[in-house]
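Here TrEMBL flags A:6-24, A:36-55, A:75-98, A:119-137, A:157-177, A:233-250, A:271-294, A:314-342, A:362-380, A:386-406, A:418-435, A:447-465 (among others) as transmembrane segment.
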Amino acid sequence: MHTAPIVIIFGTIVIALILAVLSHRRKKMSLEQWSVGGRGFGVLFVFLLLAGEIYTTFTFLGGSGWAYGTGGPTAYILAYGAVAYLLSYFLLPPVWRYAKEHNLISQPDFFNKKFDSKWLGILVAVVGVVAIVPYLQSQMTGLGLIVETASYGAIHQSVAIGIAMIVLAFYVTLSGIHGTAWTAVLKDITILTVVIIIGIALPMHVGGFHAMFTKINAEKPGFLTLGAKGMGVPWFISTVALTGLGFYMWPHAFGAVYTAKHERVFRKNAIFLPLYQLILLFVFFAGFAAILITPGLKNTNLALLVAVQKVFPGWFVGIIGGAGVLTAIVPGSLMLMAAGTLIAENIYRPIVGNASPKQVQVVARVMVWVVAAVTFLFSIHSNAAIVALLLMGYNFVSQFFPTLLLSIFARRAVSKPGAFAGILVGVAMVVYFTMTKQSLVFGLNSGFWALLVNFIVVLVVSAATRDVSRNQVTSAAQS
Amino acid sequence: MAIRWLTLVPLLFIFVGVAFANHATPIVLGMPFLFFYMVLCIVVTSVCMAIVYKFDPTNKEGK
């Protein structure tokens with residue numbers, strides 16, 4: 001009986017809950033405090049909240065699994081972060097400034113305010129929630145996989161997911177973003193240590209880095225470069241562009257931007273966040289080593305865990321499990337909170353019309369539980385489609401980018417109908433490509449085509465409707 | 001503000017340079033060449049952002 005891993009995993013959950021309660025105690029919880037931390041976070045906390053986006057369960061298992069199963073194309077994961085952070089230097093300060101000026105809480109607030117259109121806000125909220133559910137689901141399924149494997153099958157995956165969802169919903173209801181930031185500190189220390197240890201130990205186990213890659217390259221020529229399965233250089237470029245631009249379009253990432261104390265926080269973080277990506281290398285090394293340690297796995301997501309089980313003692317497997325729990329709780333709680341706030345603040349409130357702040361707050365907290373329940377149902381009823389769903393989510397949120405970019409830097413080039421048309425056309429194309437299972441179109445990532453068409457539609461429709469809206473303004477002024 | 005154009009350097013490294021770096025060998029610092037090149041891109045990004053941050057007049061305001 002392997003009790004050590006289970007004890008360590010549950011110990012981690014208890015510590016995370018204690019941190020949530022402690023961080024909550026001395027703060028009065030208004031909705032602004034609950035979801036944007038009173039806009040008082042400095043460089044380090046914002047760094048950790050945004051870095052929390054990189055080290056998710058999906059990266060932990062998916063990153064190593066991709067290295068194991070796909071090889072060279074995994075390199076895109078290193079590149080897109082650099083593009084996203086570089087972009088953040090220019091993009092985030094104006095977003096933050098506008099949000100502070102108008103006391104905005106969420107992403108749809110931003111679009112609503114910019115275009116003075118409650119329905120645009122509602123559209124953005126709906127697309128955001130739709131994109132969040134599969135993302136959250138992939139985290140939870142990964143978590144279930146970790147707990148099941150780390151407990152050597154003693155805890156079944158669906159039980160693990162169920163426990164995780166309840167813990168997460170409890171956690172979010174109790175503490176809001178303060179709890180997340182503190183758990184992020186704990187999570188980052190644990191995951192950094194664990195990832196570096198296995199990223200060095202596993203390659204050493206198969207004869208060292210140089211020998212390992214030489215052997216893989218000899219066994220599978222072409223595996224360590226771009227080009228396999230149609231994923232060549234054009235695929236790399238379009239995918240890095242798509243995910244780099246979409247990075248901050250996630251409602252929870254956009255919301256995390258509001259927590260900063262000052263806009264310089266983002267510019268400073270743009271220096272250090274790219275370097276933080278380098279830790280991912282160790283995740284890939286572990287995945288590559290698994291090719292030689294445990295070849296021929298059907299479920300590539302299990303590569304890291306199975307390799308670790310073969311090489312390390314039981315208690316260490318428990319630590320990996322604990323780290324895995326934390327990598328799910330930090331992004332998971334951000335996403336759950338974002339979903340709750342989106343539904344309450346940006347769908348419920350504008351439709352009901354005269355809801356009190358108290359009511360909105362209650363709806364937000366109830367919705368956290370509803371979204372958790374929905375995600376749980378999806379998680380236990382689906383299997384391999386998770387990665388497809390996750391990419392669909394990414395393709396969805398990146399459709400906000402053209403409108404957002406123009407609304408900040410060339411407000412006059414985009415009109416309200418243009419914004420609607422662009423987002424709707426982009427989202428429709430993403431749905432079509434996903435339904436017909438086309439992830440590659442003419443060698444480029446299909447989501448990139450949707451983004452491109454979206455951009456053109458925004459510009460064309462805005463140009464066509466601009467005169468109309470100007471006439472309306474003049475006639476309104478005259479009457 | 002002209003210093004901000006420096007951010008084009010890492011973008012060229014990533015989006016254009018990759019076409020020339022798509023090799024498994026030589027293995028550099030224990031990594032296949034493509035992965036080593038990605039590490040180089042990240043370091044270049046970080047260095048460029050540090051220089052931009054240092055010289056961008058926007059970051060001097062209200063200190």
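Cβ atoms here come from the backbone N, Cα and C positions, even for glycine.
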Most Cβ pairs under 8 Å with the transmembrane segment (A:314-342), selected from A:119-137, A:233-250, A:447-465: A:119-137
Tertiary contacts of the transmembrane segment (A:75-98), as residues 6+ beyond its ends and Cβ separation under 8 Å: 54, 59, 63, 66, 104, 110, 113-114, 226, 236, 239-241, 243-245, 247-248, 254, 257-258, 260, 263, 266-267, 269-270, 273-274, 277-278, 280-281, 284, 404-405, 408-409
The transmembrane segment (A:6-24) and the transmembrane segment (A:157-177) contact flag, 3+ Cβ pairs under 8 angstroms: yes
Selection from A:119-137, A:157-177, A:362-380, the stretch that has most Cβ pairs under 8 A to the transmembrane segment (A:418-435): A:119-137
Intrachain neighbours beyond the transmembrane segment (A:119-137), with Cβ under 8 angstroms and 6 or more residues off its ends: 106-109, 111-112, 250-252, 332, 335-336, 338-339, 342-343, 346-347, 350-351, 371, 374-375, 378-379, 382, 386, 389-390, 392-394, 396-397, 399-400, 416, 419-420, 423-424, 427
